[in-house]
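These notes concern the structure reproduced below.
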Amino acid sequence: MGGLQMPPHTLPSIHGGRALVSFIPSPISFLRPNFAVQPNCFSALPNGYNTRTMSPFYPNIFHTGRSISQGGRGMQFSARSIRASVQPVTEELMEDKTQANPVSGDSIRRRFLDFYASRGHKVLPSSSLVPDDPTVLLTIAGMLQFKPVFLGKAPKQVARATTAQRCIRTNDVENVGRTARHHTFFEMLGNFSFGDYFKKEAIKWAWELSTKEFGLQADRLWVSIYEDDDEAFDIWHNEVGVPIERIKRMGEEDNFWTSGITGPCGPCSELYYDFHPERGYSDVDLGDDTRFIEFYNLVFMQYNKRDDGSLEPLKQKNIDTGLGLERMARILQKVPNNYETDLIYPIIEKASELANVSYALADDQTKRNLKIIGDHLRAIVYLISDGVLPSNIGRGYVVRRLIRRAVRSGRLLGIKGDGKSNLEGAFLPAIAEKVIEMSTYIDSDVKTRASHILEELQREELRFVQTLERGEKLLDQMLADALSSGHKNGIVPYLSGKDVFLLYDTYGFPVEITAEVAEEHGVKIDTDGFDIEMEKQRRQSQAAHNVVKLAVENGDFSENVSDTEFLGYDMLSARAVIESLLVNGKPVIQVAEGSEVEVLLDKTPFYAESGGQIGDHGFLYVTEGESKPVAVVEINDVQKSLGNVFVHKGIIKEGVLEVGREVEAAVDPKLRQQAKVHHTATHLLQSALKKVIGHETSQAGSLVAFDRLRFDFNFHRPLLDTELEEIERLINGWIGDATILQTKVMPLNDAKKAGAIAMFGEKYGEQVRVVEVPGVSMELCGGTHVSNTAEIRAFKIISEQGIASGIRRLEAVAGEAFIEYINVRDAQVKRLCSTLKVKAEEVASRVENLLEELRIARNEVSALRAKAAVYKASIIASKAFVVGTSKTIRVIVECMDDVDADSLKSAAEYLIDVLQDPAAVVLGSSPDKGKVSLVAAFTPGVVDMGVQAGKFIGPIAKLCGGGGGGRPNFAQAGGRKPENLPSALEKAKADLTSILTAKAS
């Protein structure tokens, strides 16, 4: 899909740069106020008159600089404060509907969805920013949730759909704040057709929406089409009426959408808004950002691209469109860029307040930093709400990087503290509160997760501030090294591009700050080298984040396989028909004994892995009459594919399997029971966690296996032993209550209103299955569960640990797995009792006594070793030699064989004490196989000469395959190459002699 283009707005701004706020209307009417009015805002009113009601105190509004809005479609207007110099209204502005006061972003979103809903489109919710697609890191396009439908891998639930999809793109993150249109978080309004309507309807509705619903002037709209798409040209020109001179044919690079090397593709057509129609029609370039903005893209998905590059018509032609909400808001609200719309500006306003600056009066750099904060905080809040937490890999790195960029921008603005008198506090949460406040019509779940979002932001920001401080120390060292190198080589000192990029990418230092600090020290920076490193990262980012891979399967396999009917809630065995067989991913008709095979059935009692629960195990039997099975397949895994098709993976133990044969599908009942037990126990665990550590915690992942359960959750610290005990007590109490579970299917909205918890990472349809343990838990869940909590029998936590920043993991056992766990532990305790010759209740105290005895024995051994080392040192003291002329220095460099590190230290301390100042001692040993210990001890007289033990011992240790350092007077080091110790000590002796001779002469 062609990228939307957003040019800088050059018309005089009449936007006040303030948040839209409500006001109480009064029946004062006016036809032409002293600021611009939006005539089209009244399209929803029955009388159609251009009259308004407003507060009789409206003059005060101009003094406070506050904007005002009236609920209802498009009934908003604003005024710029006096200090911001409100522009006078001209007749030209009055005549142009797009020159009027803004309609809200929420109104634009609602009107778009209403427009297409009235034309038979089903309004579907935005999918998560974490896509149900392994080929894409984040949701980067509105069409992503419909990808299986476009491919024919999933049946279409509706013929037409419309959405307001939350999207994240970070491949152009460096352009955020620099241009008028680049964002990391944005909303894509889309209408989709799955084999229903096609070009004519898509084109006509896009025009009607733009010109009638949103009131854009027809003579300001330009159209681009693919160069060979005569059909689209005919519709735009002959049926819609767009003049030929405003229809531009463009090449494949701009106007032909492809999903990849192969797969669905087709021409596209784009709508552009012209900010400067006075420039005429000659030499027009739609890519001119100073004049045009692309706001609507229509993709006509009509071909399949084959491996040889040829195009074949798709059996089902589709429509995929996208209208950028922020871009349309910019046009309608008459602001110079997307950031000054009511979708983002209130966030910027909050940041301005904390920074104590005026956005309207700020310079370009200050505005850019405010825009970065406004943009990034939206992305950060919605990502964390969707379960993506800061980390150093994958999606987590995207969040971490955005947080760090926002923190850097805030520090450049001089923001100190949280705005609540805490100068050491985090400031991002205070701004995030504004994002959360504005989230109502974007994602209603954000407000319910507010406390978790704010806590995560605070932890990550404060952690990063510490990283910044470490970066400052690193920069100081880099500058010192650069100055030293420059002086030594007679060149201008400089920081390499790699060093500058390291400071930027790892420690969060903006290039501008690095350059400023470097300049103060007389050091240049290699900006070209930095640009090269940045480009490397940008290419990697684009490759990872901005590709939606689609492919049409060869043959008719994907088109002919229907969804599998799941019978496993009610039965563990059933007769089914083999619809397809696969070996190594390729369809076959027949498979022989001993082969690994994937079996697709028309219906099945086997549960396919999803929602954290692993797939069932069991057998498929092919029988003839009442005789012995003629074929047996052992099933060891079941997965979902191609939408809702169950793939039974196993190995043929007997006979031959053929497509079309009927089989008896039988689930292993014992393993199914264990899965049910652990799945219900997982629900109880989540409820217990919320009761014990707080309702803000939420699931971040899970595994329901036959032998255990694993539950990942958001929390900032390890759980206390008392908390773990309380969690177990609660769960075992609920198990003992023998509560009967209730399962029902209901509309998704009704389930959420009832309080059902939705699991992170799961995709839900309009109808959902709700599993409830009355009085304890209610969750949306498609997994299998016990009918009564008593079936769980008992529950035990076996481990608790941190697996990532802010993510904890609990592992537990229940049911039969609990019995097995207890039996194993009991056997181990009995063995300990036998070995220690004590009762079970005495094991702990006996082990403690043994550990104390061991500690005492080790201390005694250590003391004896130290004495032995000192004795050896007293012998080698006589080997001291003297260096220097004007001032003599006593030096010892010796190997002490297998003396351990602590004893080596004692020996060095002894020698320094017995030798007269100035003296220097370097000792080495090889206490274990593959291990080297080194120590350097210098008296104050040596240190005063500028010779430091810490700096001296490091290069010596490197010769032994290690490193180390320490204080100027004493340092220790280690290595992994004992064979190099003799030569390393020889070098230490030579270097020390040379250095001290020079210093003492």
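Here the Cβ of each residue, glycine as well, is placed from N, Cα and C on the backbone.
Coiled coil is the annotation TrEMBL gives to one range among 588-622, 728-762, 833-867, and that range is 833-867. His785 (Zn(2+) binding site): 24 other CB atoms within 10 A of its CB, across all protein chains. Listed in chain order, the residues near the Zn(2+) site other than His679, His683, Cys781, His785 are Lys676, Thr680, Thr682, Val704, Val771, Glu779, Gly783, Thr784, each with its Cβ within 8 Å of the site Cβ centroid.
The average pLDDT computed for the coiled coil (833-867) is 88. Counting every protein chain shown, the number of other Cβ atoms lying within 10 Å of the Cβ of Cys781 (Zn(2+) binding site) is 27. Sequence-distant contacts of His683 (Zn(2+) binding site), defined by Cβ-Cβ distance under 8 angstroms and a gap of at least six in the same chain, are Val771, Val773, Ser777, Glu779, Cys781, His785. His679 (Zn(2+) binding site): 24 other CB atoms within 10 A of its CB, across all protein chains.
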